[in-house]
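Record features (TrEMBL):
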SIGNAL    1-20  signal peptide
DOMAIN    25-62  domain 'Leucine-rich repeat-containing N-terminal plant-type'
Amino acid sequence: MASLPHSFVILLLLPLLIAADKCNKEDKRALISIKSAFNNAYHFASWTSTSACCDWYGVECDPGVPGNSDGSRVTGLYVITDSNVTGPIPSAVGDLPFLTSLRFHKLPNLTGNIPSSITRLTRLSVLILSWNSLSGPIPSFLSQIPSLTIINLSFNLFSGSIPAELANLPSLLGLDFSRNRLTGPIPSEFGNFPKSSPPDLILNHNSLSGNLPVSLGVPEWGTIDLSRNSFTGDGSFLFGAGKSTQVIDLSRNEFAFDLSRITFPVNLTSLDLNHNKISGSIPAQINQVEANFFSQFNVSYNQLCGQIPAGPITAKFGVDAYFHNKCLCGSPLPPCTSS
């Protein structure tokens, strides 16, 4: 079979090439509004009226979106590392209906609250608003965007409590609220996340407090990081040999439970319990965890007693992983005595 002439193939593909380069006019109008709201900061230098918005810096388009006869739709918006971007997030971000990924990162002068217009982004999957100066409460209306899989609001000035409504998000894979000023307890509704596939829960460096809801022991968290808060009481229900949890960090809180009564998830790769009020002894079962992938272990500054069980996990770590306990002994600490 004879091949088609090269020029004929180009003619066949030309409408597709034009469509891919063309920018939807409504999306372009919304982007121009965003640029204007940020006082035409340098980040937006390539955002000119004479160029296609799909070619602009920080803008991603998908020509394959159904119904794009008026031009490729904007699916990604990234504004990153620019101290000249000042003021609040413009409400016009809600006027990009095909947006699946929104990232405002390392913008120290990005201030104010998360605008409610974001709820119009019914296809939004990834929301990253990290390392900014955003403030106010974390809005419960984020639960109105069921397509969300990642919410990262870390390194901001958010305050108030964690909205319980976020537990209603059906596809959430990761929730990172670390390094903010959040207060109050973890909502008991977070125990309603799917048992076998809850989101990674990262809440470190806040001012959260109170006892953990027992319901939090139902989901098998891949990663749960509650470090550097003021949590109290029991945390033992987060453990269990049959769970698939890989990372548990409860360090620098006021947890008080008997460590000798727990079993460790066999897939555990990192465990940090330092600076709490945890008592009992270290279960020998810790050495049944897969040693090749186990990278962090710290039980220092607690109230543990008894001999450190010998094995491949406990032998990987030095004195600083065990010291400042009530009466813990054995290698790498001094030997146990008969008394």
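Just so you know, the numbers here start at 1 and follow the chain as drawn.
Glycine is no exception: its Cβ is also placed from the backbone N, Cα and C atoms.
Annotations in TrEMBL come from automatic prediction, not curation.
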Across the domain 'Leucine-rich repeat-containing N-terminal plant-type' (25-62), average pLDDT on the 0 to 100 scale: 96
For the domain 'Leucine-rich repeat-containing N-terminal plant-type' (25-62), the number of residues DSSP places in helix, strand and coil: 19 helix, 4 strand, 15 coil
